[in-house]
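All remarks here apply to the structure that follows.
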Amino acid sequence: MEFSVKNGSVEKQRTACLVVGVYEPRRLSAAAEQLDKLSEGYISTLLRRGDLEGKAGQTLLLHNVPNVPADRVLLVGCGKERELTERQYKQIIQKMVQAVSETGSMEVVCFLTELHVKGRTSYWNVRFAIEAIQESLYSYNDFKSIKPEVRREFRRVIFNVANRKDLADAERALEHGKAISTGVAFAKNVANCPPNVCNPAYLAELAKGLAAEYDNIRTTVIDEAEMAALGMNAYLAVSRGSQNPAYLSVIEYKNHPNPDAKPIVLVGKGLTFDSGGISIKPSDSMDEMKYDMGGAASVYGTMKALAEMKLPLNVIGVLAGCENMPDGNAYRPGDILTTMNGLTVEVLNTDAEGRLVLCDTLTYVERFEPELVIDMATLTGACMIALGAHNSGLMSTSNVLANELLNAAEQADDKAWRLPLGEEYQEQLKSNFADLANIGGRLGGAITAGQFLSNFTKKYSWAHLDIAGTAWKSGAAKGATGRPVSLLSQFLINKANNQ
């Protein structure tokens, strides 16, 4: 898909499809008003006749509009003018995509980016439009022998901005929007890939692929023998029951003006399949446990977006690849594991494996002397119960870092909600036989999981994103969401801007 921006007059657009907005009730946007004057009241006559009310998402396709050089004019309902939110704006853009896709038009000139969205600028309108278009056009058919038949997709979208002075911001939005939507698509592709293909070795090959593609990326892959030498016993215990060995992939992106600048480290839980191990999960929906590597997928997608944006930062992405399977050699409830930092952990449930993989990974990344560390993981069903499928759960030992992430989440419309940490939750992790238990009971399960991880992050500023509710969708819309690539990308953009 080719995207571009310009500042032009609506009446001069010679294109396959010209898109303008109509507010509720039957109120023309500025661009639609200009077309109405050019067509001598043709559009307003249709509205008075009741052909379009202007409710958000309604569409009306017009052909041969008098005096208008465009082949087609698509009117898109935008709801009430003063109540247009980011969510509604994206839905409007996606309705545009659906309508245009049915016409066979190859090019679209879109004036919806001139709409007033609450608290947003031309930059955000253009960037959100690109992300919404790519989201709408995304499909994953790699393993279908008969590909679904689709009409020719349009290949070019030209966004119009109302003021020439906004063109520079709009061009920047193009760059960021394309990079972030590419990163989201990469994350989705990896997460949607079946677990008999996407195993820890597959994740490692993807990480190597980034190094082959970008000169400022270097990838190191650590195998189980190296992990054993490092004392990553908790990580390895989870992997013991699987025929597929674990791999820890370290993707180093260096583009900071100061090559010695401390890196930002992103850690992703990469359980390419989680059966629960000996504490086996119910069979219902177990197929969705291929998504237990959503954290690693989002780190991979973010590193792709970062490389495309060429941000002047040093960033390290870590994919903690592993598989949790039942087997005669699998770890058991009652086992006591010695972690890489020396703390011992009593295993009370083998399905609380992500924190065991992450605790050793969080210790491992100390060697990079990071500016900060953010881990993301499909860690707990408890977070889904608490926050549903709309907000990722955020926990942090740093108020500054937490606020930066919450700000980025709001900016990117990739929402997160902060949950507490504290000594009272540490009490729930006490064990009679080890330093820690790997679960803290039913109450506050998402928080006690984050509290567990905090024991391994004492040497740097740290935040944890529990994406169990946001990394994928179930039911008829089953599939990966690519979250929180947008949030993380915005966080990195902000870091680059504030240096």
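The backbone N, Cα and C atoms fix where each Cβ goes, and this holds for glycine too.
Just so you know, the Cβ of Lys281 (active site) picks up 15 other Cβ atoms within 10 Å once every protein chain is counted. Reduced to three states, the DSSP call for Lys281 (active site) is coil. Sequence annotations record features per position, and here Swiss-Prot assigns active site to Lys281 (among others).
Under the heading active site, Swiss-Prot lists Arg355 (among others). Within 10 Å of the C-beta atom of Arg355 (active site) sit 28 other C-beta atoms, taking all shown protein chains into account. The DSSP secondary structure for Arg355 (active site) is helix.
What Swiss-Prot lists as Mn(2+) 2 binding site is Lys269, Asp274, Asp292, Glu353. Same-chain residues at least 6 positions away in sequence with a Cβ under 8 Å from that of Asp292 (Mn(2+) 2 binding site) are, in sequence order, Lys269, Leu271, Thr272, Phe273, Asp274, Gly354, Thr378. Following the DSSP three-state reduction, the secondary structure of Asp292 (Mn(2+) 2 binding site) is helix.
Listed in sequence order, the residues of the same chain lying 6 or more apart from Glu353 (Mn(2+) 2 binding site) and placing their CB within less than 8 Å of its CB are Val238, Leu271, Asp274, Gly277, Cys322, Asn324. The feature Mn(2+) 1 binding site is assigned by Swiss-Prot to Asp274, Asp351, Glu353.
Remark: Asp351 (Mn(2+) 1 binding site) has Asp274, Gly276, Gly277, Ser279, Ile280, Lys281, Asn324 as non-local neighbours, by Cβ distance under 8 Å and separation of at least 6 in sequence. Fewest other C-beta atoms within 10 angstroms, among the binding-site residues Lys269, Asp274, are seen around Asp274.
The record gives Lys269, Asp274, Asp292, Glu353 for Mn(2+) 2. Within 8 Å of the mean position of their Cβ atoms, the other Cβ atoms in that chain belong to Val238, Leu271, Met289, Met293, Cys322, Asn324, Gly354, Val357, Ala377, Thr378. Other residues of the chain with a Cβ within 8 Å of the Cβ centroid of Asp274, Asp351, Glu353, the Mn(2+) 1 site, are Val238, Leu271, Ser275, Gly276, Gly277, Ser279, Lys281, Asp292, Asn324, Thr350, Ala352, Gly354.
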